[in-house]
Amino acid sequence: MLERMNHTMHEESKQGEAYAPFVNDPTAYNKKFYIESYGCAMNFADSEIVASILNENGFGATRNFEEADLVLINTCSIREKAEQTVRKRLTELRKVKKYNSGALIGVLGCMAERLKAQFLEEEKLVDMVVGPDAYRSLPALISEAETGQKAVNVLLSRDETYADISPIRLDSNGVSGFVSIMRGCNNMCSFCVVPFTRGRERSRDPHSIVKECADLFNNGYREVTLLGQNVDSYYWVPEHNSPSTGGGRGEAAVTFANLLEMVALVNPLLRVRFSTSHPKDITDDVLFTMAKHENICKYIHLPVQSGSTRVLQLMNRTYTREWYMAKVDRIMEIMPDCGLSSDIITGFCTETEEDHQDTMSIMEHSKYDMSYMFFYSERPGTLAARRYKDDIPEDVKKRRLDEVVKLQNALSHKSNLKDLGKTFKVLIEGNSKRSDKDWMGRTSQNKVIVFPKEQYELNKGHYVMVKVTDCTVATLIGKIEP
Ligand code: 5AD
Ligand code: SF4
C-alpha cells in the first residue's frame, strides 16, 4: 500500500483507522451510540459535533458496537478505495442487529451524500443516511427510523457551520484539538468529489471559533488545528451573519490572516496549525501573520497535485508550475525555517512521462518534508469523469506513484538529516508508540520527534527544548536540552 506514508492531520490521514469514542458516564444516558470515522480530519471533527448532538438527546457513547442502540459510520468518498473500506466495515457492523434487533445503523458523511437513497433502497445495508449538513436532524431521523421507516436527509446547506455546537472530543490526546472553521469547497478541482459531497463553501463565525479555541486551552489543550477544505479562502462578513454575534454592528470582515491572529492571541502557549491551504489563495498577509506569532506553527500543507502546467490546467488548479514554485520561494523567503508538505496525484488523465518528470522535479524544488501521494481514482460525477478519459493504465499509475514515493522518502530523509544537531521547541503529545520511557512530540514544523523522558518533571501538554541526535526517514530522535 503506497498511499499515505505518514500520519498527520489531513484528508484521509486516518483512513481505514476507525475509532470509537471514549465511554462517558453510562448512567447519564438511556441509550448508547457507537461512531466510527473514516477520511479527512473534517470528518473526525464532524463526528465530535454528532456526538454532542446525540449527548443532548439522551445517547451516551460506547466503544463497543455490539452493545450500541445506534451504530454510525462517518464516511469518505475521496477515492474508490475509501468507499470499499467503508462497505466492508458496514457488513461487519451490521452484526449489531444479532445482539440487539432494535439497533439502528446510520451512514454519515460524504458517501451518504454521494449515494443518497441508494444505500437504503438497493443495498438495504442501513436504516439512516445523513449528509454532512444534516446532523442537526439526527434526533428526528432516529425517531423516524425507530418506527421502521427509512430515514434520509442529504440536503446540503449554504449556511450550516454548526457554529453553536460544542464538539464532544472523541479519543483525543487532550493536547491537540481540531477546530472546524469553514465547510464545503468552491474550487472544483476536476478530480475531486468534495464540492459535490460537502457543498458550497461557507465560513464560520470567528467569535465562535475563538471561543472554542479558548475553551480547549482552558481544558488543558495546547494545540489547535483550524480545519477547512481551503482555509485560505476563509472570509466572514458580519452583515451576512447572525446579529446575535455582533454582525451588522460595524464590525470589519474577517480574513483567514485576521482569524489566525485572533486565535494566536488566545494564549501564547496555544500552538496554532491549519489545514488545508490552496496555493492560489495563501496570501502574503497569512505568511506575515505566521512569521509574526511564535505560536503559529511554521508549517504549511500546500498540495501541488502535479508539477506539469498542462496537467494542472486539466485539473483546474488555476496555477502554473512556475507560479507554484514562486509561492514556495516566497514562503521560504518570509519563513526560512518553514516546514512544507504536499498532496500528489500520479496518472491523472493524459499524464505523460514528461508530465510525471515535472512532478518529480517540482518535488525536488519544493523539498517537501512529507507528502500524501495517490494514484488517480476516477470519481463519478466529477468534472474529470465527465470531460476526460481515465486513460493511464493502472500499472503505469502505480509505477509512477512508486517513483514519487521513493523520491519523497529521500527528500524526507534529507530534510531530517538537516535537522541533526539543531534544537527545537517541542510540544509533548504523549508516550512514544514504542516505549513509555520515551516522549513523543512535534516540532513547530510538524515533524514527529521521540526522546527519552529522563528525570525531568514533564508531562504531555508541556513544552521542552529537544536537540536532534539521530533520525529515520519519518521521525527525529532527540535528547532533552538541560
Ligand atoms: N484520485 C486520487 N486522489 C485524489 N485526491 C482527491 N481526489 C482524488 C482522486 N479522484 C487527493 C488530492 C487531494 C487529497 C485530499 O486527495 O491529492 O489533495
Ligand atoms: Fe477538492 Fe480542490 Fe476543494 Fe481540495 S481544493 S477539496 S482538492 S476541490
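Placement of Cβ uses the backbone N, Cα and C atoms for every residue, glycine included.
Automatic prediction, not curation, is the source of TrEMBL annotations.
Among the features that TrEMBL reports, domain 'MTTase N-terminal' is placed at 31-147. Marked as [4Fe-4S] cluster 1 binding site by TrEMBL: Cys40, Cys76, Cys110. Here TrEMBL flags 171-414 as domain 'Radical SAM core'. TrEMBL lists Cys185, Cys189, Cys192 with the feature [4Fe-4S] cluster 2 binding site. The domain 'TRAM' annotation in TrEMBL covers 417-482.
The distance from the Cα of Cys76 ([4Fe-4S] cluster 1 binding site) to the Cα of Cys192 ([4Fe-4S] cluster 2 binding site) comes to 12 Å. Summary for the binding-site residues Cys40, Cys189: the Cβ-based neighbour count within 10 Å is maximal at Cys40. Taking DSSP states H, G and I as helix and E and B as strand, the domain 'MTTase N-terminal' (31-147) has 61 helix, 25 strand, 31 coil. Helix, strand and coil counts under DSSP for the domain 'TRAM' (417-482) come to 2 helix, 33 strand, 31 coil. Calculated from their C-alpha atoms, the gap between Cys110 ([4Fe-4S] cluster 1 binding site) and Cys192 ([4Fe-4S] cluster 2 binding site) amounts to 12 Å.
Cys192 are the binding-site residues among Cys40, Cys76, Cys110, Cys185, Cys189, Cys192 whose C-beta comes within less than 6 Å of an atom of ligand 1, given in sequence order. Minimal Cβ crowding within 10 Å, among the binding-site residues Cys76, Cys185, is found at Cys185.
With a cut-off of under 6 Å between the Cβ and any atom of ligand 2, the binding-site residues Cys76, Cys110, Cys192 reduce to Cys192. Comparing Cβ neighbour counts within 10 Å across the binding-site residues Cys110, Cys192, the minimum falls on Cys192. Other residues of the chain with a Cβ within 8 Å of the Cβ centroid of Cys185, Cys189, Cys192, the [4Fe-4S] cluster 2 site, are Asn187, Met188, Phe191, Val193, Val194, Pro195, Gln229. Distance noted between the C-alpha atoms of Cys40 ([4Fe-4S] cluster 1 binding site) and Cys192 ([4Fe-4S] cluster 2 binding site) is 14 Å. On the 0 to 100 pLDDT scale, the domain 'TRAM' (417-482) averages 96 in the predicted structure.
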